[in-house]
Each structure stands twice: as structure tokens, then as C-alpha cells.
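Features reported for this protein in Swiss-Prot:
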- 18, 41, 76, 77: substrate binding site (BINDING)
- 22: active site, proton donor (ACT_SITE)
């Protein structure tokens, strides 16, 4: 199992909308996340800076990387592009975080 953490940037004033969209996460998006080996997916928000911190556990990182090629992922990115920083392909601007400690 691989633990991944990352940060993303939410636009000012979009916290409630971001949370709403994730509370209503499409069933096919949930299925895709599990199909590609993702679990224990959690996103936190720093309300002072609008920085999102994500954490996910993966069965296989190479398999997970293929989620970006799925139509449902591309559709989700387009859906979220108006409320957060994105790359030209609508994927969220995401910065990987270094794991410096873990305790089971």
C-alpha cells in the first residue's frame, strides 16, 4: 500500500461549493476511485488559506496514475475547474507532500 498526500488551491469563497460537490460525489466517480485501487481518501481544508490537503491510500501507484485517462475523471476535472486552480487539461494543480512520519 502506498500513502499519498498532496495539496491543491481552492479559489476564494468556494469552500461551501467544494464541500457540496464532494458530498454529492457521482457514483461513477466513487466506483472509478475504488476500481483503480484508491481507498481511505480524505481531503482537508485550511480555511485561512483555502489550501486543500488530500490523503489517499493506493494499492499501486502506476495503476492509480491511469485514472487521469478515464472519461469520468476528465469530466470531474471539468466540473471542478471553476472553483479551484487547474492545469490546461483541467486537472487540479497538485503538489505532492513529503511523508516525514507515520505511526500505525
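Each Cβ is built from the backbone N, Cα and C atoms, and glycine gets one as well.
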Count the Cβ atoms, other than its own, that fall within 10 Å of the Cβ of residue 18 (substrate binding site), considering every protein chain shown.
19
Report, in whole Å, the straight Cα-to-Cα distance of residue 22 (active site, proton donor) from residue 41 (substrate binding site).
12
Taking the residues 18, 41, 76, 77 listed for substrate, what is the greatest CA to CA distance in Å, to the nearest whole number?
17
Greatest C-beta neighbour count within 10 angstroms, which of the binding-site residues 41, 76, 77
76
Residue 22 (active site, proton donor) versus residue 76 (substrate binding site) - Cα distance in angstrom
10
Does DSSP put residue 77 (substrate binding site) in a helix, in a strand, or in coil?
helix
Under a three-state DSSP reduction, the secondary structure at residue 41 (substrate binding site) is strand
Other than 18, 41, 76, 77, which residues of the chain come within 8 Å of the substrate site, judged by Cβ distance to the Cβ centroid of those residues?
21, 22, 25, 29, 79, 80, 92
